[in-house]
Structures are given as structure tokens and as C-alpha cells.
Amino acid sequence: MPASQTRSRARDRNNVLNRAEFLSLNQPPKGTQESRSSGRKQSGQAAAAGTPNSNPKERRQSQQLPEEDCMQLNPSFKGIAFNSLLAIDICMSKRLGVCANKASSWGGARSMINLLGITGHGIPWIAGTLICLVKSSTLAGQEVLMNLLLALLLDIIIVAGLQKLAKRKGPYDVSPGLLDYLTMDTYAFPAGHASRAAMLSKFFLNHLVLAIPLRILLVLWALCVGFSRVMIGRHHITDVLSGFVFGYLQFRLVEVIWMSSNTCQMLISIW
């Protein structure tokens, strides 16, 4: 017998795993292979059987999920443009809030800016209109004053309703004053002072005979009242611009529902 064969047989005898009691360790158990193969077959059959009976809504949702993920990762151009404009509006409003508090760059002029804002508040205008209405003795004057009072009340109601819907806060944490709470002007969008100033200036320009310098001063007053709210940090720039737009629309609404002299006399007699 060759020496090489003798050596190989000796290695096989010395290898412990070649013994009969350890042969099962070298081979995978048959039950495991059969269970794995049967499990694969059953899962394949279940998938094949469940495919035609699956809910179409679930299949549609599973197909739409990747698209929704893509929409979140890749926003639309309108969304990007809107967010960019909103960021610019907030940044510019914060820069223009030079009287937001006493520590601001124009903090010393805060009281004067607040006084300018009071000239566009609704409560002083309503009180002044009522006083003038009581002292007025002409039918034309009473008609104009009654419609002005209607316009002021509509302005308060419309602005308060829009602010409750939007619930937008100002660029700075500036708490509303007592007069603001009385007119429910507690949020930023739209700016109530701006809408009221625009509505009043347009109303006076249409129904009062004023010289050209007074007409120019009236327009400048409306602009100053509106942007004074940005300077004290109560409103954004877009809040003031939208307030001007809503003020003009309120004027147009009052012109449509304008009360005649007879209606005004009837209301005055009831009052």
C-alpha cells in the first residue's frame, strides 16, 4: 500500500467529525430544507392567490406613496415662490420695525408713532361721527354721516372676522392695546388701521369738497397710518398692503348699499 494512502486514512480516522455520531453536523437537516421549500411554495401560492383579490384602494395607495414622497422632497414652484415671498416679507417687516420696543433704533419715537396710529383707530372715529351726527342739522350732512357710521361699523366687523380666520401674528411680540381689544383688532392680517385709513380717505375724497393740498394730505395721512403699524412691530408689510385693498373694497361696498336720506331720517328718528 502506498505511503500517501496510509497517511490519508490515518487523517480520516483521527478527524472527529468523520465519526458516525458527528456526521449529522456536516449536513443540514432534511426537515429544515423541506420546511423552507414548503414555506416558499406556500408564500408564493398565497401571493399569487391574494393578488387578484387584493383591495384596489390599497394597490392605488401603494402606487401613490412614492409620488407623494417625491412631492414632499420636490415642492412645486408655487410653493417655493410663496415661501420665498413670505420669508422676504417677514425679514423686511422686522427691519422696518424700528419702534417695536424702547431698545429699538427709533425707540424714542414710539409714543409719537402710537399717537399717529390712534388717529386711524375705529373708536375715536365712531365717537366723532356720532357727535357730529347729533349736532348736524342738514339732511345732506346727516345722510353722509350715517353712511360713514355704517362704513366704520362694517370695517370693524369685516376686519375682525378676517383676522379670526387668518390668526396671523405680527413680526414682533407686541401686545395689542386697550382700544385694539375693543375693536377686536388682535391679530396681524389684515391691518385694521390701514383698511380704515384707506376707506376713510376714499370716502372723504368722494363725498367732501376739498382743496388739492388737503386731498394730498389726506392720502399721505392714510399711508403714514398704515406703515406706522409696521414701525411699531404690530403688522407685516403685506398686512398693511392687504389692509389698503380691503379698505377700498369696503368703500365700494358702502357705495353699493348707500342709504338714502329717507332711510337715514327713519334710523335717526328710531335712535
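Yeah, the Cβs are placed from backbone N, Cα and C, and that goes for glycine too.
What TrEMBL says about a protein is an automatic prediction, not a curated fact.
Per TrEMBL, these features apply:
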type: REGION; residues: 1-66; note: region 'Disordered'
type: COMPBIAS; residues: 24-55; note: compositional bias 'Polar residues'
type: TRANSMEM; residues: 112-138; note: transmembrane segment
type: DOMAIN; residues: 143-255; note: domain 'Phosphatidic acid phosphatase type 2/haloperoxidase'
type: TRANSMEM; residues: 144-162; note: transmembrane segment
type: TRANSMEM; residues: 203-228; note: transmembrane segment
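Tertiary neighbourhood of the transmembrane segment (144-162): same-chain residues 122, 125-126, 129-130, 132-133, 136, 183-185, 189-190, 192, 195-196, 199-200, 203, 207, 243, 246-247, 250-251, 253-254, 257-259, 264, 267-268, selected by CB-CB distance under 8 Å and a gap of 6+ residues from either end.
Helix, strand and coil counts under DSSP for the domain 'Phosphatidic acid phosphatase type 2/haloperoxidase' (143-255) come to 84 helix, 0 strand, 29 coil. Per-residue pLDDT, averaged over the domain 'Phosphatidic acid phosphatase type 2/haloperoxidase' (143-255), rounds to 92.
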